[in-house]
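Down below is the structure, laid out as structure tokens.
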């Protein structure tokens with residue numbers, strides 16, 4: 001099961017480090033080197049986020065205006081394309097290029113990116129092909145720039161993670177180090193994109209890290225902090241969305257009625273998160289069933305998106321639902337859009353265009369669409385609540401921000417990340433309690449109905465389950481001598497099982513047999529093997545003919561945790577627990593422990609101790 005992947009990586013580290021030779025061995029066992037790598041990953045992720053944003057601007061200007069320019073402000077609505085009605089075909093053209101890139105160079109670049117990273121962590125030993133970095137950047141920038149209704153966060157997460165994995169592969173690092181750099185790259189991508197370093201750390205903890213400890217968390221912190229700093233150097237230290245000081249001051253005096261309204265908003269947002277997730281996979285299934293050719297499938301989907309954005313620019317003056325949609329989110333935060341019918345239209349059209357873009361074969365993230373839907377839902381809720389209960393005092397701006405946190409929590413499963421990131425984006429500390437309420441309730445509603453998030457559902461459909469929690473096995477910390485249950489007898493190799501059977505007839509439990517030669521332990525005959533030989537009545541042959549010299553010795557106070565690591569590394573079946581290690585006399589051996597003994601005592605899966613036998 002994937003729940004044990006961090007433990008397996010940990011075990012491998014303990015027993016393999018001493019086998020690494022040369023300069024790589026020195027660096028791989030040096031904690032400082034790992035932190036330097038995390039710093040480097042943060043620099044690249046920060047630069048990558050800046051470059052990716054510029055690339056999106058370049059693609060948007062090229063597709064919509066025929067210009068070669070990367071200047072683009074995603075908080076401002078795009079001007080109308082001079083193609084006129086021809087803008088309907090712009091998403092189609094971009095979509096065809098995306099399909100060609102993905103099918104030709106990297107199928108992993110299709111979709112929203114994060115599930116592929118999680119799959120690599122839990123089922124691919126942290127191996128992500130380096131080509132994914134370039135293909136994902138190109139495919140997603142074209143998809144977003146040509147009008148696809150997707151986000152840029154998923155791609156930069158996958159790009160950062162792919163770089164971390166590629167760097168670790170090039171340096172031939174251990175698996176746990178590779179997984180750590182993947183999480184660092186993913187968190188750094190989030191931090192650089194949104195200017196939310198704490199949110200990036202929490203994202204890595206909630207969704208990426210299979211082990212939370214100092215050796216994995218500190219590199220993530222270094223990478224996210226570095227990425228945010230690099231991003232600020234180029235883009236400035238500004239929040240992702242701007243909330244006026246007047247609106248911030250309103251959060252200082254929240255009534256009890258407002259908090260009651262936030263509770264209902266959290267419940268509604270949880271339901272919206274389910275709709276958001278289900279619509280994506282329902283749309284994907286319909287496209288896969290109706291249109292088999294991938295080019296025709298995505299072209300048909302993007303033609304629909306093109307018609308919708310042409311309709312919007314013609315009748316409303318803005319595209320509203322194309323691209324990342326941050327300009328629309330900012331409009332709602334500013335209180336520019338207040339008509340409930342129009343807000344409902346934006347909500348439905350965004351879910352539709354997002355689902356069609358990704359469901360038909362596009363490339364892009366789900367984070368920005370989730371923020372968009374949450375902001376629109378929160379704004380719509382505030383308008384209706386204030387109309388029905390004029391004195392309740394629910395701010396449209398605050399409700400929109402809370403809706404964003406709730407949608408992130410419900411759809412991605414990262415509840416803490418959702419609350420903290422919106423706090424970082426708005427720079428308003430007084431909103432933190434409502435954020436916690438809405439994010440927690442939205443997450444809870446989704447969790448009551450289904451365990452699947454928008455990320456894990458894709459993997460579950462492949463048959464790859466992802467753990468929801470991390471557990472500590474307390475038994476692993478105990479000395480191996482604590483679980484000695486099978487008795488031990490010593491015998492010379494010339495003795496037969498008939499001789500041993502005499503002892504068993506006296507009511508003794510079937511023992512492990514330590515075969516001795518002079519004063520030294522020589523071989524082992526385990527209790528299950530003794531039981532099998534007795535069942536087949538092979539009692540007249542000397543026991544040395546059945547014994548195994550496949551064993552190693554450890555001190556009696558050896559931790560089970562370390563013992564499991566030795567079993568994984570040596571592929572041996574038996575360990576001798578000794579008063580003195582290595583034993584100077586067979587009397588120093590006080591017990592024999594087998595793989596089966598450890599499995600029974602710790603409830604660990606077989607593949608953890610015998611990875612070489614896993615299919």
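The chain as shown is numbered from 1 upward.
Keep in mind that glycine also has a Cβ here, set from the backbone N, Cα and C atoms.
Remember, TrEMBL labels are computer predictions, not curated facts.
Keep in mind that what you see is a predicted model, and the values were worked out from it rather than measured.
The transmembrane segment annotation in TrEMBL falls on one of the ranges 217-235, 236-254, 464-482, 483-501, namely 217-235.
Within the listed segments 125-151, 152-178, 179-205, TrEMBL records transmembrane segment for the stretch 179-205.
Here TrEMBL gives transmembrane segment for one range in the set 10-29, 370-389: that range is 370-389. For the ranges 302-321, 502-521, the feature annotated in TrEMBL as transmembrane segment maps to 302-321. Packing against the transmembrane segment (370-389) from elsewhere in the chain are residues 151, 257, 261, 264-265, 268-269, 272-273, 276, 324-326, 328-329, 332-333, 337-338, 340, 343-344, 346-347, 350-351, 354, 395-396, 398-408, 411-412, 454: each is 6 or more residues past its ends and has a CB under 8 Å from a CB in it. Against the transmembrane segment (341-358), stretch 302-321 shows more Cβ pairs under 8 Å than any other of 32-52, 217-235, 302-321, 429-449. The transmembrane segment (179-205) is in contact with the transmembrane segment (32-52), judged by 3+ CB-CB distances under 8 Å for residue pairs 6 or more apart in sequence. Outside the transmembrane segment (429-449), and at least 6 residues removed from its termini, the chain residues within Cβ reach (under 8 Å) are 248, 251-252, 254, 259, 262-263, 265-267, 269-271, 273-274, 398, 401-403, 405-411, 413, 415-416, 418-419, 422-423.
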